[in-house]
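Encoded as structure tokens, the structure appears first; notes follow it.
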Amino acid sequence: MKSQSPESGHPAEKPLLAAAAPSLSPLGAAFILLKSALGAGLLNFPWAFHRAGGVLPALLVELVSLVFLISGLVILGYAAACSGQGTYQGVVRGLCGPAVGKLCEACFIANLLMISVAFLRVTGDQLEKLCDSLLPGALLATQPWYADQRFTLPLLSALVILPLSAPREIAFQKYTSILGTLAACYLALVITAQYYLRPQGLVREPPPSLGPSSWTSVFSVFPTICFGFQCHEAAVSVYCSMRGQSLARWALVSVLSLLGCCLIYSLTGVYGFLTFGSQVSADVLMSYPGTDAAVVVARVLFAVSVVTVYPIVLFLGRSVMQDFWTRSWRGNWGPRALADPSGPWVRVPLTVLWVTVTLAMALALPDLSKVIGIIGGLSSFFIFIFPGLCLICAMDVEPVGPRAK
């Protein structure tokens, strides 16, 4: 790759070639990053606090991890400005070479596919529990057909998820991201309020014993943190869609979004753990009575929260397939409308294919524990390994000057 000319200015302050007309405000960018991180991992944090051995060890690991998480986002913004690419995999391929780029694409699409399956499965479980609370005493064998997630989940995918996933640009997601963020905030507030109000029917455990059983138990919470805070896959696309691209503004967006995410995760983890102690479920909502009105509303809103983050994940996975389509397209066959992968003739079928495959996997898989393990392992590549490689290669291409320092 050729170096930038001196007249081009600092790399983090020039517009990207991949973003012809950025239309996303910094506030909208912060909401999209925040909502990208606020997914199914929110329900696991109280259980992760229990595994870490208490509130203090878990918060300490979370705060230390936050430094590296924010650094990774800033590095990705700088690498995107140096490479001029508009996608995560494009940045890695442009800076680190085609071999690393292919590895990134394979890990990228596998990770996003598993995340989409997990989101749909969690949404289906929440819908099923919601039907159980609305139909108390009904046995599974006698439940009406419309209460089965094999009907409700495909219906939700067709009527809500598919239309939200069809738009061409990620900037559209800023509206649904605000709604999803408010839903996640409500869940954190309900868990906090339940600890102090002690509603009838809620069985609280005695105060949990503090202190980890071993140092390995403290660091066992790290994969959950990576799964919960992973928004790095969307970082490059969000940066390229942001108006007034600069490294300082992007760093501010990264700090604000992850600090807000940290606050919501910490409230949920601390008060969920203090309420149930060692008896907390991996899905904290499962520990609450199904008839509690506030918990029922929280279950509905959490399903809304997950549904609004699914289109962001699909957009990122679709971008990998669109890049592959562009590289493999040959103009001597097929209509000209298929030459543009962002056009409706290519974009919509890819969207339908992604939703159909992930829906089938979500309905077929009986247990998501192994899927969550795969997600936690792959997310470390996109949070730590690939950003580090991009930084090393970007400094070779365009050395960091006094202004960047």
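Every residue gets a Cβ built from N, Cα and C, even glycine.
All TrEMBL annotations are machine predictions without curation.
Here TrEMBL flags 25-391 as domain 'Amino acid transporter transmembrane'.
Residues or ranges marked as transmembrane segment by TrEMBL: 55-79 (among others). Proximity of distant same-chain residues to the transmembrane segment (55-79), defined by a Cβ-Cβ separation under 8 Å and at least 6 residues beyond the stretch ends, is recorded for 11-12, 33, 48-49, 88, 91, 95, 210-212, 218-219, 221-222, 225-226, 229, 231-232, 235-236, 239, 247, 250-251, 254-255, 258-259, 262, 265-266, 269-270, 273-274, 383-384, 387-388, 390-391, 393-394, 404.
Under the heading transmembrane segment, TrEMBL lists 100-120 (among others).
As annotated by TrEMBL, transmembrane segment applies to 178-197 (among others).
The annotation transmembrane segment is assigned in TrEMBL to 217-239 (among others). Cβ atoms under 8 Å from those of the transmembrane segment (217-239) belong to residues 16, 24, 29, 32-34, 36-37, 39, 41-42, 44-45, 48-49, 51-53, 57-58, 60-62, 65-66, 69, 72-73, 76-77, 79-81, 85-88, 90-91, 108, 111-112, 170, 245, 250, 254, 257-258, 261-262, 265, 312-313, 315-316, 319, 372-373, 375-377, 379-380, 382-383, 387 of the same chain, restricted to positions at least 6 beyond its ends.
Positions annotated as transmembrane segment by TrEMBL: 251-274 (among others). Tertiary proximity for the transmembrane segment (251-274) is limited to same-chain residues at least six positions away from its ends with a CB under 8 Å from its CB atoms, namely 26, 29-31, 33-34, 37-38, 41-43, 45-50, 54-55, 58-59, 62-63, 66, 69-70, 73-74, 77, 181, 184-185, 187-189, 191-192, 194-195, 207-208, 228-229, 231, 235, 242, 280, 284, 287.
The transmembrane segment annotation in TrEMBL covers 294-317 (among others).
TrEMBL lists 345-365 (among others) with the feature transmembrane segment.
What TrEMBL records for 371-395 (among others) is transmembrane segment. With a threshold of 8 Å between CB atoms, the same-chain residues lying at least 6 positions outside the transmembrane segment (371-395) that come near it are 68-69, 71-72, 75-76, 78-79, 82-83, 88, 91-92, 95-96, 100, 104, 107-108, 110-111, 114-115, 117-118, 223-224, 226-227, 229-230, 232-233, 365.
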Report summary line: Lying 6 or more residues past either end of the transmembrane segment (294-317) yet within Cβ distance under 8 Å of it, the residues of that chain are 32, 35-36, 38-40, 42-43, 87-88, 108-109, 112-113, 115-116, 119-120, 122-123, 126-127, 129-130, 133, 156, 160-161, 164-165, 167, 170, 173, 176-177, 179-181, 183-184, 186-187, 190-191, 193-194, 199, 233-234, 237, 285, 288, 351, 354-355
